[in-house]
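For reference, the structure is listed below as structure tokens.
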Amino acid sequence: MIRKAFVMQVNPDSHDEYERRHTPIWPELESVLKDHGAHHYAIYLDKARNLLFATVEIESEERWNAVAHTDVCQRWWKHMRDVMPSNPDNSPVSAELKEVFYLD
């Protein structure tokens, strides 16, 4: 498994709405993530900094990157763009983090 971590932001007035939309995520999005090899996906909210911290374990970079090209992911991004900073293609503005320590 490949461990990934990344950060995103949520609009200051959208914390509750962001959480509501993830409780739960759409079943078809969950299926696509699992079908593309995503495991142990978690998102944490730092309300003081409007920061989202996400971790996920993936089976391959290619399968993970393919999620972005699915219809359900495109619809999800469009659904979320009003609660978080987004790129022109509606994907969330995010930054991948480098792992510097891991204890198994």
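Glycine too: its Cβ is placed from the backbone N, Cα and C atoms.
Annotated substrate binding site per Swiss-Prot: Tyr18, Tyr41, Trp76, Trp77, in sequence order, evidence recorded as sequence analysis. Look at Swiss-Prot and you will find His22 tagged as active site, proton donor.
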Cα-to-Cα gap, Trp77 (substrate binding site) vs His22 (active site, proton donor), nearest whole Å: 12
Which of Trp76, Trp77, the listed binding-site residues, has fewest other Cβ atoms within 10 Å: Trp77
Residue, out of the binding-site residues Tyr18, Tyr41, whose Cβ gathers the largest set of other Cβ atoms within 10 Å: Tyr18
DSSP three-state assignment for Trp76 (substrate binding site): helix
Additional residues around substrate, ordered along the sequence, whose Cβ is within 8 Å of the centroid of Tyr18, Tyr41, Trp76, Trp77: Arg21, His22, Ile25, Leu29, His79, Met80, Pro92
Residues satisfying Cβ distance under 8 Å from His22 (active site, proton donor), sequence separation of at least 6: Ile43
Taking residues Tyr18, Tyr41, Trp76, Trp77, which bind substrate in the record, the widest Cα spacing (Å, whole number): 17
